[in-house]
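Everything on this sheet refers to the single structure shown next.
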Amino acid sequence: MMAGSTLRKVKSRSWKKNRYFRLLEDGLTIWYKSRWAGRGHSTFSVTDLEAVREGHQSEVLLSIAEEFPAELCFTLVFHGRQGNLDLVAESPDEAQAWIQGVRKLIHKTQTMDEKERLDQWVLDWFHKADKNKDGKMNFKEVKNSLKRLKINSKYTTSKRLFLFSPQMADKSESGSLEIEQFVFFYKMLTQRDEVWKVFQDYSEDGEKLMLEELESFLSVEQHEGEQSTQHAQELIECYEPSETAKKQGAMSLDGFQMYLCSQEGSIFKPEHQDLYQDMSQPLSHYFISSSHNTYLLEDQLRGQSSLEAYIQALKRGCRCVEVDCWDGYDEDPVVYHGHTLTSKILFKDVISTLKEYAFRASEFPVILSIENHCSVEQQKVMAQYLRQILGDMLQTTLLDGQVPQQLPSPQELKGKILLKAKKIGGLEEYLDETCTDEVSDEEEMANCDAEMASTEDSPEKVDGSKSKMSRELSDLVVYCKSVHFGGFEHARSHAKCYEISSFSESKAKKLAKEAGTDFVQYNTRQLSRTYPSGLRTDSSNYNPQDMWSMGCQIVALNFQTAGLEMDLNDGLFRQNGCCGYVIKPDFMRDGNTQFSPDKPEEREGYKPLRLSIQVISGQQLPKVNQKEGSIVDPLVRVEIHGVPQDQAKDETSHINNNGFNPVWNETLDFTIHTPELALVRFVVEDYDKASRNDFIGQYTLPFTCIQPGYRHIHLLSKDGTAIPPSSLFVNISISELT
């Protein structure tokens, strides 16, 4: 890999071009260019990669399968929403060298501890800055490197004598730094006064924290109570780099900083990262991670339909995916956004992809939401594919042979796929083949949802004609029968637990405003699904918090579109093992609940809390503007998303020209009326007085998952991927409102 290989980069059946690839000396950066591109080249880091697929495991490589055999082909899969890189080697041996090599490098990066990650990050910076590749950095290279590290030029210039004095980094007095000296210099730069001050508050000698002193810190500042004694010993064993300190039962400043920067020292409660919730309650008692028009990678009018969109959604823990089915050629149903210019993919390929990826991120059930526009003949083909491809994965019978009074639980449906679609009759009755039923599940394209009556679950198709449904497809629907919503009163007296209705975002908001408590009660017994307005042709999203506050379980979002709304979705489902199911608060599972999101103070057990966040400092924030000499002016905004009374935001002042180690020491206070439903979003922006601030990074989590005390917040990109070592250092206090 370091010697380099000529690989064929493939974008389509007609776009196949040779590129020269090689692994750089840092062992983490892959560099490639066209032989004829002059100095132009591209690079990406192994840390950006999630996996390597071998053979024809992408739509692009499948399309050229007759031209290139599987043993020459492989796909590099990136984290987040970045597209795959499809490659063809010149020989099977060359393909295997890259496949196995990249897999080993990915495994190495994924198994690094915090110290190894930081050391690797510093090493990367040294190699990038060492332009002449002599293994040393002169002053100019150091200065340029510091600029890229977001340290302003005045600071770097004033450090010249400091850097190259014999007492400091350049101990050899050569006027340059070797790798060990650069690491030493970097550690000097990253010594953090704010961490040192906290350390000093509990260290008697100012050099180390004895076991009792660390226990005191954990008990008082980190609010750990009785478990602090055992935890203190565990932290020393895990994070203290000095064997001498370990033998003394003590923690040095280096060990203390490593703990605070680790996952244990992060804002997210470690015990909430794994599966910790009761999974034995009815499906209607959970929020379910859900995707809208899952097949689309881009917009709703001209965007590409792709199997990769399903793979990406399922890998993110999505548990409800949507399939828009239309008649295809040769009696083979297709999936696309009807009456638009979006491309088409085969229904059978979608189902095969679902079988392959449904349970990789989570073992809990997947709901397959069918929007059916097919003729009876092609519905029969759909049913045949579903049975043949999914087999026992598809839940086609009642679990105990009895008509349910409440929905089964995620635990009972592990590894199962549930079909959500129209059904002839109900579970209680058997109708003959001649019976018909409303077929259209969601015909958003008919009216573009222009604040008109929704055609969701309409008894008529776009052309106004009644449509029959095939018995074969109907029989596959068990626990998710799509029905038209007839009002809350009708639902109370006639609805079945297995009936599910869909609501456009405008319809759901209207119901919430008119009958909030009724909506919450309805959602304790039945599933409801909400979806974006048809006017959102750019695949933008609505705020899911409005729907979760009503207890709506299947809040379908356009997963392909990054931004606030998907940050909230990722934040909510980051807990409970990222399994795609989060149990609703107890007051949203009680069928007699009187909870109204507009009046949280009226619910039984109402206990508002005060959230106080001291934003202390930031660490190595990424550069937004890539222009030479550009340095960010960061500020931090904290947003609360929850019931209407909890919607709030506040921000710090901005720090001029410092993305490396900005210090704010500003406190932001909030009152949380319904903590069980609140999400907290930390946003870092580059201040611009003349235009809109630029996004730097964010992190979102449920209020109930916050660890109080001194914590680090490891920032994510707009795409939701990690951007190490960028972080915020905060001190969080949560108390009852008096």
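For all residues, glycine too, the Cβ spot is worked out from N, Cα and C.
Automatic, uncurated: that is what TrEMBL annotation is.
Here is what TrEMBL records for this protein:
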CARBOHYD  Ser172  O-linked glycosylation site
BINDING   Asn293, Glu322, Asp324, Glu371  Ca(2+) 3 binding site
BINDING   Lys420, Lys422, Ser502, Arg529  substrate binding site
DOMAIN    589-717  domain 'C2'
BINDING   Asp686, Tyr687, Asp688  Ca(2+) 5 binding site
Nearest of the binding-site residues (Asn293, Glu322, Lys422, Ser502, Arg529) to Asp688 (Ca(2+) 5 binding site), judged by Cα-Cα distance: Asn293
Closest of Asn293, Glu371, Lys420, Arg529 to Tyr687 (Ca(2+) 5 binding site), Cα positions, binding-site residues only: Asn293
Rounded to the nearest Å - Cα separation of Ser502 (substrate binding site) and Asp686 (Ca(2+) 5 binding site): 40
Other C-beta atoms that fall within 10 angstroms of the C-beta of Glu371 (Ca(2+) 3 binding site): 25
Glu322 (Ca(2+) 3 binding site) CB neighbourhood, other CB atoms within 10 A: 26
Ca(2+) 5 site, defined by Asp686, Tyr687, Asp688: further same-chain residues with Cβ within 8 Å of the Cβ centre: Val624, Val632, Asp633, Pro634, Leu635, His654, Glu685, Lys689, Asn693, Asp694
DSSP helix/strand/coil residue counts for the domain 'C2' (589-717): 12 helix, 60 strand, 57 coil
Candidates Asp324, Asp686, Asp688: member of the binding-site residues with the richest Cβ shell (10 Å): Asp324
Rounded inter-Cα distance in Å - Asn293 (Ca(2+) 3 binding site), Arg529 (substrate binding site): 13
Least surrounded among the binding-site residues, given as Lys422, Arg529, when other CB atoms within 10 Å are counted: Lys422
Cβ neighbours of Asn293 (Ca(2+) 3 binding site) where a neighbour is any other Cβ within 10 Å: 27
PLDDT averaged over the residues of the domain 'C2' (589-717): 94
